[in-house]
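Peer 1: Sharing the feature lines straight out of TrEMBL:
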BINDING   B:ASP7, B:ASP141  Mg(2+) 1 binding site
ACT_SITE  B:ASP7  active site
BINDING   B:GLU68  Mg(2+) 2 binding site
ACT_SITE  B:GLU68  active site
ACT_SITE  B:ASP141  active site
Number of protein chains: 2
Amino acid sequence: MRVLGVDPGLTRCGVGVVEGVPGRACTLIEYTVVRSDPDMDLPDRLLNLDVALTELVARHRPDSVAVERVFSQHNVRTVMGTAQASAVAILAGARAGLPVQTYTPSEVKAAVTGSGTADKAQVTAMVTRLLNLDAPPKPADAADALALAICHVWRGGIKSKLAAAAAAETKLAAASKLAFASKLAAAAAAAAAAGSRRGGQR
Amino acid sequence: MRVLGVDPGLTRCGVGVVEGVPGRACTLIEYTVVRSDPDMDLPDRLLNLDVALTELVARHRPDSVAVERVFSQHNVRTVMGTAQASAVAILAGARAGLPVQTYTPSEVKAAVTGSGTADKAQVTAMVTRLLNLDAPPKPADAADALALAICHVWRGGIKSKLAAAAAAETKLAAASKLAFASKLAAAAAAAAAAGSRRGGQR
């Protein structure tokens, strides 16, 4: 299974794509960091992230998306931006009709290092080893995103299948998700067309 | 100018559309509340809100979008959901290439009642009067969204033009926003197509 992991952030958003099966070494497909200038307006920053993540999802066609769950114990100002970036990441997966799973930082650390309190260096070292990389992925946001993706393949593979099965029985079944995605594409196209028709302010 | 105001929330998201010019009475176009069940998974809740807001923006073709700015002094758990809902609302406007402006609750209250510390009943009463409605808009989320839209027409009309002029000179000029929107529509269509091609897990 192919998983796209996202370590959400407005200034730096880590993205890592891996492929593998539970219990075996995973293969690195790509990692990257989507950046935006803190001086940019919030709408432009969110749009920039949305476009980048939508493109990554469309290009890599993962089976599911894993996003780090945002906690509130950090700096409150930063957390608001992180919460907004995580919404963009979750939407990018959901809009493509994919199952999206969130994990806490300690779940991810425990999955790749065996300890929920491991530090960043330890996580990066394990990610480097588990993906058979020659050098550690940089910056740390990318390593975290890869750890998330590995965590989902190993721990979440099952979770994700259960979630997918459950989703199929709920109101938002796969079919209606696809209908949503098509409706969205149509609405986006209509909005783009409306935008290009509109010359200036009314 | 036509403004779509959003009072963001995951369980109840107020939306109000008004038309008017600074200093004169505004006309009500529509108000509604987008709801989602707290028992639904977060990805489905965000997707539900995204689809509804994208449809409202495409249908009403506002000149700009006004969203209430999220503060952190409230209940922390609620704030995370509100921050994520606000990201969805801001994106819905930005993706359509529209200027998006945020206002604090006290800016909105001051604009429609003359006092930044007015209570909900006072805001609802003023919105009812300013839009010449026979009965107060219900629920309060809808009244707040209408107050935001009126605030933007009155106070923000100028702000919005300045913002639009500034945006035209920055990296994310209107043209590139439209390119973004088209790119997004194409990516969404590709993702929808990929989703319908994929039978099951790899």
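Just so it is clear, glycine is given a Cβ too, placed from its N, Cα and C backbone atoms.
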Peer 1: Take the Cβ of B:ASP141 (Mg(2+) 1 binding site) and count every other Cβ within 10 Å, whichever protein chain it belongs to.
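Peer 2: If we count other Cβ atoms within 10 Å of B:ASP141 (Mg(2+) 1 binding site), we arrive at 24.
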Peer 1: Counting other Cβ atoms within 10 Å of each residue's Cβ, which of the binding-site residues B:ASP7, B:GLU68 comes out lowest?
Peer 2: B:GLU68
Peer 1: How many Å separate the Cα atoms of B:ASP141 (Mg(2+) 1 binding site) and B:GLU68 (Mg(2+) 2 binding site)?
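Peer 2: Cα to Cα, B:ASP141 (Mg(2+) 1 binding site) and B:GLU68 (Mg(2+) 2 binding site) are separated by 11 Å.
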Peer 1: For the C-alpha pair, I'd like the distance in angstrom between B:GLU68 (Mg(2+) 2 binding site) and B:ASP7 (Mg(2+) 1 binding site), rounded off.
Peer 2: 6
